[in-house]
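The structure appears below as structure tokens.
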Amino acid sequence: MTRRLRMIVLALGGAGLAALFVAACFGMPGFGGDRHPYGDRAVHASLARRTANTISSVNFDQRAFDTLGEMSILFTSVLGTVVLLRQTRDEKRGRPQPQEVALPVRRYALVVLPVALVSGLYVIAHGQLSPGGGFQGGVVAATALHLLYLGADYRALERIRPIGVFEVGDALSASAYLVTGLAGVLAGTAFLANTLLPYGTFNTLSSGGTVPLLNAAIGMEVACAIVILLARFLDQAVEIEEDNGKR
Amino acid sequence: MTVLPYLVAVWIFLTGCYGLATSRNLIHAVGCLAVCQSATYVLLLAVGYRAGATAPVYSDIKPGSRPVVDPVVQALTLTDIVVGATVTALLLSLVMQISKRHGTVDPDELRELRG
Amino acid sequence: MNHLLPLLVAAPLLGAGLLIACGRRLPRVAAESFGCAVSAGTAALAIWLCLNSSPPLTEWVGAWTPRNGTSVGIVLVGDGPGLGMSALASLLTLASLAYSWHYFDEPPRRHAGSYPALMLLFQGGMCGFAITGDLFNAFVFFELMSAAAYALTGYRVEEAKAVQGALAFGVINSLGAYAMLMGIALLYARTGELALTHIGRGLDTHGGPDALTLAAFVLVLTGLLVKAAAVPFHFWLPDAHAVAPTPVCMLLSGVMVEFGVYGVWRVYGTVFSGPGGIPAADLERALTVLGILTGAVGALMCWYQRHVKRLLACSTIAHVGLFLVGVGSLLPEADDGVALYLLGHAGVKAALFACTGLLLDRFGSVDEHALHGRGRPLRGVAVMFVLGGLALAGMPPFGISLGKAVTEEALGGPLTVVYVLVSAVTGGAVLRVAARVFYGLGPQPRVGSACETTGAGEEPETRHRLSRIPDTMRAVPALLLAGSLAVGVVPGFARIVARSVNEAGSGGALTSAHWTAAGVLLGLVSTALALALAALAVTRPELLGARPWTLPLRRLQSGHIGDYVAWVLLGTTLLGALALPGILTG
Amino acid sequence: MDDPLIVVVLLLVAAAATAAVAVRDPVRQALVLAVLGVCLALLFTVTQAPDVGLSQLAVGSAVTPLLIMLSVRKVRRRQQDGKEKER
Amino acid sequence: MNGWTWTATIALGVGVGAAVWGVVTGPLRRRVVAQNLSSALAAPGLLLLAQGYGRPAYVDLALLLALLGPVGTLVFARLLADDLAGDPPRAWAVTLAVAGYGAVVVLVLCAVTGPGRAMVKLLVVGALLIGGNLVASRALSGGFPGSRRG
């Protein structure tokens, strides 16, 4: 297909879709409207279960089945990336070379690393209270580890990152989420229903029933997933090279 | 004002599609796909907004003291952002393999699958 | 029993999690057996639930049962079609895991479990999509099955074609999914609900359809039709199906694409069929036009392929067109027919892919011309391939034929001609391949044109080229064909399918599905036509060879992601234009 | 009530998104995507979605740029190797 | 809207707007500086918004941005070291000005908040913000000498 034809098709399709969209926008309830039936119900349900952060309650309690699906997508993409970026038969591994880093940068990285790690854990732990949760905190914690790559070099990172452990951790935390859900079935209520845990006092770390548990499982899974993902990409960019290559 | 956020979402989506269709570099194309995805976040959050309300997070305010926005769309968006990044990574890893096997990441030069 | 519904999703996902957690230690055989066992267990559960699905099961995940008619949870609906689709998906996953049993190329080092785990995740995604009654949840599982499918399609990373096809698949399907999410956001803005039935009710209380309803309809359907590979959203499919590993092709063509059609049926039936939705005439117009277009383009593309997997992929497109025509008619009888057709098609298409995989592993090629006459030693495979071709053409008493007959009877008129022609062309193409490859009939074809994908130079998927075919690989297609036959001949099966489909879809209007004389006759006509086409193509290749007027059509299939994206946008516009009249007048 | 603020941030997001598409070089696009991430986080904050903003900041500020830059590095290294071989 | 949000509107409009403009145009050295400054310009805005909305919980956003923004810049500094080596960015005046802006905002907010845990958090954010910004600028202008690969 020539570029010209593609542009014509694109212009036609884009114009049609734009017209449809814009017409739809003018049929929408105005921005900032007051009618949110589902949202209002969700707030009530969250407060009834003593979860201060309504969004966490929606994520890990009311619509926990969605989060199960999202978590599985995450798990699948990471597994897919591991499979797709495997070392093929015509590739070999080179040793990464040490990297010179200016002193202030190195010091900064080493100081910020623990701070970032703690912030990540803080964001996970307070997921059911203040803004945050497993998804956000997990990413922050995983990013923190990679300060070692940025502030030192790849070898330093490899030393503290046994990738196998992270892979097992990823799979185990995904399984933990499922097992927490299955406990509800075994107890005779329903999948992902809270049967055992008390709801605790409003606005404390242990409130919300299964929410903190599922939140922690997600936090661990996300952290492991991002570490594995970046490890595969770093392997490709730094270590793996073609066998017949010059270097 | 009442439709501006929706129109911005539509604009972002269509721009992303345009970039995807005319891209000359597959890494750039995957970036454009991420732009398309951010359009969905903007639209969802615009739908859930309530004028003069605040976030439904009760760690620092008393329940019922202020009107709150819709938490459901926020929950939908939040997970999608992290998951979207990993799907982007999956596509990027395919792009890397394409660069290895085809020696190029220009879609115009990929001529293996036709007819 | 209701509580067991989520297990259809949880079991495969948990299986995958455990496989990865232990996969580093597990020997390959153990990992694969575990995968098969989990998949089989889920299939058994799905079938058992399916047998008990009258009246339909509903389950609120997390025990968020509605109070005063509203709930904040997610509802799962275990009705006949949903559980039937999850049973079909589980059985096909089991079949492809059994097919790849031990033979498949070495897994990555220390990741013995990754291939079965991906298959299980794929299965979990499909089951979740089948049984969910919540629109956003459907989107999530839709994405889950897509993500697993991208990874599986690109699994053979050393093949240049595989990674390119997988990327096109990934980009186009992701774009479709984002369009669907935009549509979901529009529906949420209008109704403030996410459960399918509540959205439908919300639209109805708002009044007649308007631009927003239309846009939401078009966007949600775009996502589903991209998955279903309706023209002009179909371009990714031949690229992806031609390059994916054979067991994955069995799943992609056999059931994943059909999930798009199922999604259209479900979403229209529960969300848009009320007075506030899209008028029936509009849906009928849109789906019939797209369906006929899809059938025609698919059949033509199928006929002119020489890459056998690509040929089968194009035939899937053609048959999806027929499904869409049937679903678009909105007649309860046609729904029954399509359900039977879909079941029969899944078995036959998977069996044909399995046979093609055997050719690839034995001869290192899937090119019709290069394989001319080389398949003679594979007698059993030849018989299965011919049977598959005949079944695809609509020969009674296969399930495809029964489904087609029931649908044709419901549709009547000119649409029957479309059904017969498309079946005849796709079946004829498969029979042509069988005649050339397995029986060496006709002259050796000359080299084709420059702008086509040949099937030569493909790597076998096994560790080495097979010198003899393992029994599992032979048994799987045989069983699949037998299953497809059973759909047509087991007495009472068609009635059960019809009852459960009607119970879920058409408000209890019970119809019956059975063989009729006219149906058998039409089946025989299309089979005869297919045989004639194949015979003509083999004996007089130039008569039915490439025509200049087909060249532009084939050039459109350019392998360029930008082109495909442009077509997706044009497709949404087309869909909007086709559904517009009723909105304007209503 | 908070209209001007939301309008300003929306326009920033629209501008950054347009730029992310218009900039064709993947390295420069990665830079724009990082800024787009910040703009989106601001938008999520002003639409009272701090959780979503955190998610966007966590992903958009470091992880996505790192993924893209590593891909670019791999692709470039390959092309350089290819050119050296041709010589 | 109150004074805080009005200030935030102007600060974000001008500051982040300039950052977007800077990252879109000009040579690579200018773009990386703009990317670095975008987080330093946005984080004080987030602090102002938290104050304006009366939601101390929103400070977490600024904390995360102050923490991860410079990390993002380090990514670019690290992986673009070769490209930047020939044409290193020199924008100390702007960088210091932005750091000063951050310091002013943090100090004003501290004065309003009064002593307590909230003030400590604000000071931590400020320290991370200014320190990170300066170190990231340093990294951009030759923080990774002799970069080969690894």
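Backbone N, Cα and C define each Cβ position, glycine as well.
No curator has checked TrEMBL annotations; they are predicted automatically.
Residues or ranges marked as transmembrane segment by TrEMBL: C:113-132, C:138-155, C:167-191, C:211-230, C:242-265, C:285-304, C:311-332, C:338-360, C:381-398, C:418-439, C:475-494, C:514-538 (among others). Annotated domain 'NADH:quinone oxidoreductase/Mrp antiporter transmembrane' per TrEMBL: C:133-407, in sequence order.
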## Note on the structure
Highest Cβ pair tally under 8 Å against the transmembrane segment (C:285-304), stretches C:211-230, C:242-265, C:338-360, lands on C:211-230
### Query
So which of C:138-155, C:167-191, C:211-230, C:242-265 is most in touch with the transmembrane segment (C:338-360), counting Cβ pairs under 8 Å?
C:242-265
### Message
Which residues of the chain, 6 or more past the ends of the transmembrane segment (C:514-538), have a CB below 8 A from one of its CBs?
### Response
389-390, 393-397, 401-402, 404-406, 408-409, 416, 419-421, 423-425, 427-429, 431-432, 434-436, 441-442, 494-495, 544
#### Entry: For the transmembrane segment (C:475-494), distant same-chain residues with Cβ under 8 A (at least six beyond the ends)
91, 95-96, 98-99, 336, 340, 343-348, 350-352, 354-355, 380-381, 384, 387-388, 391, 396-403, 406, 513-514
